[in-house]
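Structure record follows, encoded as structure tokens.
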Amino acid sequence: MPKRTDIQKIMVIGSGPIIIGQAAEFDYAGTQACLSLKEEGYEVVLVNSNPATIMTDKEIADKVYIEPITLEFVTRILRKEGPDALLPTLGGQTGLNMAMELSKNGILDELGVELLGTKLSAIDQAEDRDLFKQLMEELEQPIPESEIVNTVEEAVAFAATIGYPVIVRPAFTLGGTGGGMCANEKELREITENGLKLSPVTQCLIERSIAGFKEIEYEVMRDSADNALVVCNMENFDPVGIHTGDSIVFAPAQTMSDYENQMLRDASLSIIRALKIEGGCNVQLALDPNSFKYYVIEVNPRVSRSSALASKATGYPIAKLAAKIAVGLTLDEVINPVTGSTYAMFEPALDYVVAKIPRFPFDKFEKGERRLGTQMKATGEVMAIGRNIEESLLKACRSLEIGVHHNEIPELAAVSDDTLIEKVVKAQDDRLFYVSEAIRRGYTPEEIAELTKIDIFYLDKLLHIFEIEQELGAHPQDLEVLKTAKLNGFSDRKIAELWGTTDDKVRQLRLENKIVPVYKMVDTCAAEFDSETPYFYSTYGWENESIKSDKESVLVLGSGPIRIGQGVEFDYATVHSVKAIQAAGYEAIIMNSNPETVSTDFSVSDKLYFEPLTFEDVMNVIDLEQPKGVIVQFGGQTAINLAEPLAKAGVTILGTQVADLDRAEDRDLFEQALKELDIPQPPGQTATNEEEAALAARKIGFPVLVRPSYVLGGRAMEIVENEEDLRSYMRTAVKASPDHPVLVDSYIVGQECEVDAISDGKNVLIPGIMEHIERAGVHSGDSMAVYPPQTLSQKVQETIADYTKRLAIGLHCLGMMNIQFVIKDEKVYVIEVNPRASRTVPFLSKVTNIPMAQVATKLILGQSLSELGYQNGLYPESTRVHIKAPVFSFTKLAKVDSLLGPEMKSTGEVMGSDATLEKALYKAFEASYLHLPTFGNVVFTIADDAKEEALNLARRFQNIGYGILATEGTAAFFASHGLQAQPVGKIGDDDKDIPSFVRKGRIQAIINTVGTKRTADEDGEQIRRSAIEHGVPLFTALDTANAMLKVLESRSFVTEAI
């Protein structure tokens, strides 16, 4: 069926900010879909609140609205644009829920907007637990015994009839939010209560647990002519019971018989046909390893995290084709862009194995609950491709960037057998490493399979890896064993460890004996047809399929898996850099390991290498491609950390040179540079042990800010008030050493702001200054940023511009740099300089209309700012006000404290833009799901040093009609200043404490600040947790509360008697 001509204008809803469970895979899907629809000649209108994505670039759609994805704003845009149709299936759960809401409120009917892709009835049938159950019964598809409940008591009664363990699944939530496995009634009560609150329809499904079955996923596609096919099946290494987003996954599935595959394939295709989905869909099934019994777990009627993985694993572009199907094209009419010759109706065939390993944020959240279950906790993932399981698994391990280069964490060797077995059974984020350690200690695959229900097939592979380790240890320098190890994915570093030599010597031995990798093409058809995709992975075998072209090339290093502190913003910069390299006439080569992102879409670059970002893997590509140079400044800390070893190996680093990178990162060199340039910084010193730190702090005076050097995202940074706290920090938080000193700085409480600058070595372009709403002390990634600045004097802005120019030229910066300043009493201090692209690049690029990463890349390749038409200095300001606001994923991370400080905690961001500060703030708060009703109660629980300031806020809240509640000390302080607040108990005061008020819905916002002492603030933590669990707006910085007040004041009227 040809494409539809009765519709011209289509609105696409994006997925909003990145949160755990909904990450960069939707930027990739949305970008593909918008371009795919434009290619077919439709006018595309995009709504998405996330500025950090490629998807919200002007070129991606005909009209791009970076506005909140809420009923209020989406309705406005629908009325203004009057599209014929709406495509919501590429915006994750956010897009689907928005479509449901628009429909339920009658907006789609009123405006005559048709829904494309998936009908509302199908969304309902897949998402509403009751309707899903009915449909499965009609199709005679087995599902676990279950019951829908709306109260905790109903849940307890049902569990009594089927027995524990049971699983709780709230309806219409994302990434298993609020769900979990319950072994007894106490856990069931707790999880169901929370699940009912988080479900928008107050509904949970209680089902019999089938934990221990194999978890299999099928990624399927269907068109309007009822053609349907399986793109790819995938098998979880971890059995059912751990969220698939937190599981290690292999594609294609490895342990199913032909009969089992056929059985589950038929089930998946019959489900997508029954739901009449036009586009992509993901079906999750549980297979009993001991019989042919299976259950359908769930269906996602949309593009998902698994579809991004399936697209990258097979090369089959699911989102692109889903968009074409949505407008009426059929699979037998669309050419598969990978082969360029076969139709999309051919099912992909793979002649390799793909491994995906999730990346968790527990390096930032040491207190977080690491036990894995049905609620997702990973922030990102890595993928690796190999010719066997061992190779793809080990390549994926070293892609994770958690300080491992093999499937082992050396520290685990010291763990007792009891602890080891407990960690093997009770899965945490690092279970793979504990299982591998158990094998090294002689536990058999059979014993481990019995304990974990992991298929023995995979455990045999781990045993095989261990056997190769022993072989290597027994035969140093043996070329045959070396070849075997390389065929199975071993890194040079691991081999060097086992041989007691250096990585360099192993590399030399390999090169001398021509033991080098070949690169194979990902072609969707197991080499049956000719393919034209420049998409490669390395393996040790024969026949290299990646041919170096005659054109001069430039290699760009990506930023690896998404984690807190290094998010999709860096992928954004990478993609823009590639565009500029191509525009300059070079061949652009990308190397990255993240399957969720736009940069690993093979149509973005001239060549894509899907490889770990380690020195060895990067050098292998450089040896083959011989590029003009490597660009490291867009790949975050990942790429910057590779600059030095690459330069030592003789590779040309394009842009700022290694010595200058060092001057910005190394504390003593940086201080020296600032002295020479006559730029003030807060007084500070470096310390390599506890005594030195105490001495430095006494000299500088408390409070001090302490942190390790060379980190991204403020890891292990703290503000300490006294010597006792400082000593405790030095003992527990960091491993200080002469190689890794700790920085001790005077902590200046002032206004913070940051600048991104682009330099060609002579001139410096400053696109804009961003002013932070929160004072210094909250990590810049967690602060709300305002552009253009609203409170900085002209003099301060000129000083900032002057210091920025001096720094860029003085540090010989070529390309991008980011500088953070703090201002106190009109004096400007430099806090830090990052000689690379920062996380504010996408936001600032969008609000100033300067494609910053592209400009920087052109300068790196030799053009000048004046040639590109840019002036030296600060770029003219925008007339509108733009705000970048952080978004957090605390609901997903139990035991993580939501208090903001110098260590970054946000996972994503949104943008609000309007004519005034108040309106822009309103949009930013709405987009980040911080919605405050216009009346109700605000509770204050404030540390002594901030009570004065809080009093003023409380008065303003009272003036616009809010009730004020406060904890004992705060209430007494307010009363002594003539403001009566209703006192509330802190914690444990039965039904008079804050958490019970929150549960009863009597509190609309919580304002809670903490002193800077390092004492455990358990009460405060419980109060903050109760706010997170019940979705009550929580402010841990008075500046943010003040910003919210500005919004409320601008929207409220004062009513007074005359």
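Note: Cβ is positioned from N, Cα and C throughout, glycine not excepted.
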Per Swiss-Prot: ATP 2 is bound by Ser746, Ile748, Glu752, Gly777, Val778, His779, Ser780, Gln820, Glu832, and from Arg707, Arg727, Arg731 the site also lists Arg707
Around the Cβ of Gly777 (ATP 2 binding site), other Cβ atoms within 10 Å, all chains included, total 21
Of all C-alpha pairs drawn from the ATP 2-binding set Arg707, Ser746, Ile748, Glu752, Gly777, Val778, His779, Ser780, Gln820, Glu832, the farthest apart lie at a distance in Å of 18
By Cα geometry, the one of the binding-site residues (Arg129, Ile242, Asn300, Asn834) nearest Arg707 (ATP 2 binding site) is Asn834
Proximity of the domain 'ATP-grasp 2' (671-861) to the domain 'ATP-grasp 1' (133-327), 3+ C-beta pairs under 8 angstroms
no
Cβ atoms other than its own within 10 Å of the Cβ of Gln820 (ATP 2 binding site), all chains, total 19
DSSP says Gly777 (ATP 2 binding site), in three-state terms, is coil
DSSP composition of the domain 'MGS-like' (930-1058), residue counts helix/strand/coil, works out to 60 helix, 23 strand, 46 coil
Smallest Cα-Cα separation from Gln820 (ATP 2 binding site) among the binding-site residues Arg208, Asn300, Asn834 is shown by Asn834
Sequence-ordered binding-site residues within 10 Å (Cα) of Gln284 (ATP 1 binding site), taken from Asn300, Ile748, Glu832, are Asn300
